[in-house]
Amino acid sequence: MKILVLNCGSSSIKYKLFDMKAKSILAQGGVEKIGLTGSFLKLTLPNGKKVILEGEILEHRTGVEYILGVITSEKYGCIRSLSEIDAVGHRVVHGGEKFNSSVLIDDEVIRKITECIDLAPLHNPPNLNGIYAVVELMPSTPQVGVFDTAFHQTMPDFAYMYGLPYSLYEKYAIRRYGFHGTSHRYVSKRACEMLYMSYERQRIISCHIGNGASVTAIKNGISVDTSMGMTPVEGLLMGTRCGDIDAGILTYIMEKENIGTSAISTIINKCSGVLGTSGISSDMREIDDAIEIGNKKAILTSDIYTYKIKKYIGAYTVALEGIDILVFTGGVGENQFRIRQKICDGLEFIGIKIDEATNHIRGKETIISTTDSKVKVVVVPTDEEFMIALDTLSLLS
C-alpha cells in the first residue's frame, strides 16, 4: 500500500510518499514560497541528491498538483499513475475538542476543522487547502486527518483548564490543547520498542526540543499533561517564542510601548525566546558557538533554556508519580548533546544517569542512560510523517 503524507503550511507543502509494505520512503520533498516570488519544489532523490525545480506556484492547489506531477513524472517519478496512491494523510494542526484521534476525512470532518480555524488561524486554513486540493485532483482517493492536538485530548480537566472565569471556556473553548502530539506519540512508542518495554505500562516524559519545543507527560500510553497551552506560545523557551510568562507583563508592555494586540503577538511569537534573550540567533547551535567565546547573553540563554526544561521534567515526574523513560527528540533534542547533558545534570536524585560517551551520538536512535540508571534515557529522531502514514493505514484497514 502506498500512502502520500502532506503537511501544508502557510507558504509551503512538505510531502513523503511511503510504501507501507516495505516501510520505505519512495519520494520526499517540499514546495516553498507558495504565492511568493521565486517559488520552487525541492525533492530528494533515492541517492540523497537534492533537486530544485522552479515554478510559479500561486496557491496550495497548484503546489499539490506540482507534487503529484513530479512523483508520476518520467524523470523524477517513482510511480506511473496517481491510482497507485491508496490514500493521503494530512497533518492538521488544531482539532480543538472535536477530535481525539485521527479520522477519515468527509464533509462533516471538513466542517469541524473549519470551525477550529479561530484556534489556529495561521495553520488550519492551509491544512484545509491541502485537503481541498486532493478532493479536486484525486477525488476517489481516501484522505485521513491527523491532528497535532488529538493526543492531548486525554488530559484531565484539572490539567487543561486555566484559572479564568469558566464562562470564557464555555463561550470560546479557552483551555490547554497542547501541540506536537503526533511527535510525542511516535517517539514515546518507539522508545518503548527500543527498550522492549510495554507502552501501556510506562511513565514517560517526552521532550520535543526544536525551534518549537514542548514537554509531555505520558502515563500508560496516554497524555496526561503537556507544556504548550491554548497556543504554542506557552511552556518552554523556544526559538522565537517566549514560553511561560506572567500575563500581566503583556498589558504592561502594551501600555508602556503604546502598542496593540497584533504588535504584542509579534513580540511574544517572533522576537522572544532564544533570539530575544541572546540577541544573537534563534538557533541553539549558534548559541553554543557564542558560549565557546564567552558571550554572557548566550550563556544566560542556555541556562534559561535548560532550566525551564528541567522544571517541567520535575513537575511531570510528580504528575506521573515517578518516571520510567525520558525521551529527547526534535532538532535540538536529537543533535545537541551538550543541551541533553545540561538538562540531565543534577537529576540523579530521580534516577537519571546518562553515559557521557553515548550521549555524544547525534541524530540516531540511541539509549544514552547508563546501565545502572533507574530511568532509561533515549534519543529518538521524530518521524511525524511516518506516524501519519501509520494512522492512515490503520483507518483504511
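Glycine residues also receive a Cβ, built from the backbone N, Cα and C atoms like all the rest.
What Swiss-Prot annotates here:
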BINDING   Asn7, Glu384  Mg(2+) binding site
BINDING   Lys14, His208, Ile209, Gly210, Asn211, Gly212, Asp283, Met284, Arg285, Gly331, Val332, Gly333, Glu334, Asn335  ATP binding site
BINDING   Arg91  substrate binding site
ACT_SITE  Asp148  active site, proton donor/acceptor
SITE      His180  site 'Transition state stabilizer'
SITE      Arg241  site 'Transition state stabilizer'
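The Cα of Ile209 (ATP binding site) lies closest to that of His180, out of the recorded positions Asn7, Arg91, His180, Glu384. Site extent for ATP: the farthest pair of Cα atoms among Lys14, His208, Ile209, Gly210, Asn211, Gly212, Asp283, Met284, Arg285, Gly331, Val332, Gly333, Glu334, Asn335 sits 24 Å apart. Of the listed recorded positions, namely Arg91, His180, Arg241, the sparsest Cβ surroundings within 10 Å are found at Arg91.
In the structure shown, the C-beta of Lys14 has more C-beta neighbours within 10 angstroms than that of any other entry among the binding-site residues Lys14, Arg285. Proximity to Asn7 (Mg(2+) binding site), judged by a C-alpha distance within 10 Å, picks out Lys14, Arg91 from the binding-site residues Lys14, Arg91, Asp283, Arg285, Val332. Minimal Cβ crowding within 10 Å, among the binding-site residues Asn7, Asn211, is found at Asn211. Lys14 (ATP binding site) sits 10 Å from Arg91 (substrate binding site), taking the CA atoms of both as reference points. Of all the recorded positions listed here (Asp148, Asn211, Val332), Asp148 has the Cα closest to the Cα of His180 (site 'Transition state stabilizer'). Within 10 Å of Glu384 (Mg(2+) binding site), counting C-alpha to C-alpha distances, fall the following of the binding-site residues Arg91, Asn211, Asp283, Glu334: Arg91.
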